[in-house]
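Trainee: Below you will find the structure I want to go over with you.
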C-alpha cells in the first residue's frame, strides 16, 4: 500500500513538471508572438517615438584574441565581442501578464539593429561574423553581444623593429544613421580583457577607448579603440639579431687573419654576402615604406658599411704587405710611426727585440768586419795587377799557388803575386757575398713592410672592435629609452575626425 502511494506521488510530480514546462514554453511563445507581431512591430523602423528623438546605443569592445598583425600588408586581425545596448519601446511587456517572465531571447535578425560597422576595415567584411540572439528585458532594454573577426587597417611603425610598439585603431560608427538619429556612447573607457587569450607574439599594453566628435560637423560621432601592443622580440633576437652579431664578429677576425694565408678577401666577401641575405629577409617582413628604416635594417646597413670598410682596408694592408725595395721606398716617418710608436700603443712587441733572424744577421756582419783582410787585392799604380795580400794561416792548403813575401801590411801577413784563376775565384766569392748581403738587406726591408702591414691590421682591429661594440649597444639600447604611453600614439586628427 505504501509502495502504491509513492508511485502515485512520483507520477503526480512528473505530470506537474511536464505541465509547468509546457506552460513555460507556451508563455515564452506567446511573449515572442506578442513582441514580434507584424501589426505592432517593424524591424526596419528606428525605435523612436518621433523623428527628433535620439536612440542611444552603448558600445564596448571585448578582446578575445589578437590573431595576427601582418606588418607587410599592415593589417591587424582580431577576435572581438562587440557589446551593444539600446532601448526599444516597442519591445516592452508586463511581466505579470506572462508568468513574471522578465527576459526573453530573440533572433537578432528579427528586430531592429543599429548598423554599427568597423569603418577602417581592410578586407570588406564590415559587419559581425555571427548574428547571435539578443537578450530583451521587459522594460525594452536590449543587450546584444555578437562575436566578430575583424581585419582592420593598421599603420605599422617600423622605426624600432623588432623592438617596436604599435597603435592599431578600430573605429566603429553607424553606416547610415548620423548623430541626430543615433548617439553612440562609450560604455567603458577601456576594452575588456576578461576572456582574452594571450598572444605569443604581442603583449597588450593598453586598450583605451574614446568617443570622437567633429566640431565642424554636428552630425558626426564615432567610437574608437586604440590597441597599443608591444612586440615580443625573443623570436627575432634568436633568429635574426644574434646571427647578425656573430657574422659581424667574423668581420672583426679579418684583421686578425695573417696576410700570408690569402683568405682575407674571401672572408670579407663571404660576410658581406651573408649580411645581404639577412637584409633580403627583412625586406620580406617589414612593409615597403620610405618613411622609416627599421632598427634591424639600420644595424645591417651599419655592419655592411663596416664590412665594406674592412674590405678596403684589407686591400690596403695586402698592398703594404707585398711591397719590396724594388717597388717602394719606406719613408722615415713610416718607420717612426709604424715601427717605433704604434707597436707600443697597440701592445705589439717590436720585431728587433725578438727576431732571431735580425740577431743572426748582425752577428754575421760583425764577423765579416773582424775577418776582413784575410785575402784581399791591392790595387793602384804602384801595385802589381796580380798581387794580393795573404794571411798565411788561411792559405796553408794553397801551396804553390803564389809566393808570399813579408810585408808591412800587418803581423802574420805577406804579399805576393797570385794566379788569375785564384783572382777569379775571389771575385766570385766577393760577388756571392755582396749578393747575399743585398738579399739580406732586401729581406729586412720586406720584413719591415710586412710588420707595417701587421701594425695597420692591428690598428684597424681595435678601431673595428670599438665601433662595432659601441654601435651595436647604441642602436639596440635606443628603443629601451623610449617612453611609450597611450597618449603617445593618439594622433592629432582623432579629436576632430573628418565627416564620412
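In case you wondered, yes, glycine gets a Cβ from its N, Cα and C as well.
Keep in mind the model is a prediction, meaning the values are calculated, not measured.
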Trainee: Which of the listed residues, 167, 483, has Swiss-Prot annotated as N-linked glycosylation site?
Mentor: 167
Trainee: Look up the topological domain names in Swiss-Prot for residue 260 and residue 421, then state whether they lie on the same side of the membrane.
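Mentor: Both on the same face of the membrane, per the record.
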Trainee: May I ask whether the transmembrane segment (267-287) has at least three C-beta pairs under 8 Å with the transmembrane segment (459-479), counting pairs 6 or more apart in sequence?
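Mentor: Contact between the transmembrane segment (459-479) and the transmembrane segment (267-287): absent.
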Trainee: Could you state the CA-to-CA distance between residue 50 (N-linked glycosylation site) and residue 154 (disulfide bond) to the nearest Å?
Mentor: 40
Trainee: So if I exclude everything within five residues of the ends of the transmembrane segment (238-258), which remaining residues of that chain have a CB under 8 angstroms from its CBs? That is, six or more out.
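Mentor: Residues packing against the transmembrane segment (238-258) from afar: 162, 264, 267-268, 271, 274-275, 278, 281-282, 296, 299-300, 303, 306-307, 310, 313-314, 457-458, 460-461, 464-465, 468, 472, 476.
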Trainee: Taking DSSP three-state, what's residue 167 (N-linked glycosylation site) in: helix, strand or coil?
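Mentor: The residue in question, residue 167 (N-linked glycosylation site), is strand (DSSP, three-state).
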Trainee: Go through the chain and flag residues at least 6 beyond the ends of the topological domain 'Cytoplasmic' (259-266) whose CB is under 8 A from any CB in it; none is fine as an answer.
Mentor: 311, 314-315, 317-318, 321, 450, 453-454, 457
Trainee: If you count Cβ atoms within 10 Å of the Cβ of residue 50 (N-linked glycosylation site), leaving out that atom itself, what do you get?
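Mentor: Within a 10 Å radius of the Cβ of residue 50 (N-linked glycosylation site) lie 5 other Cβ atoms.
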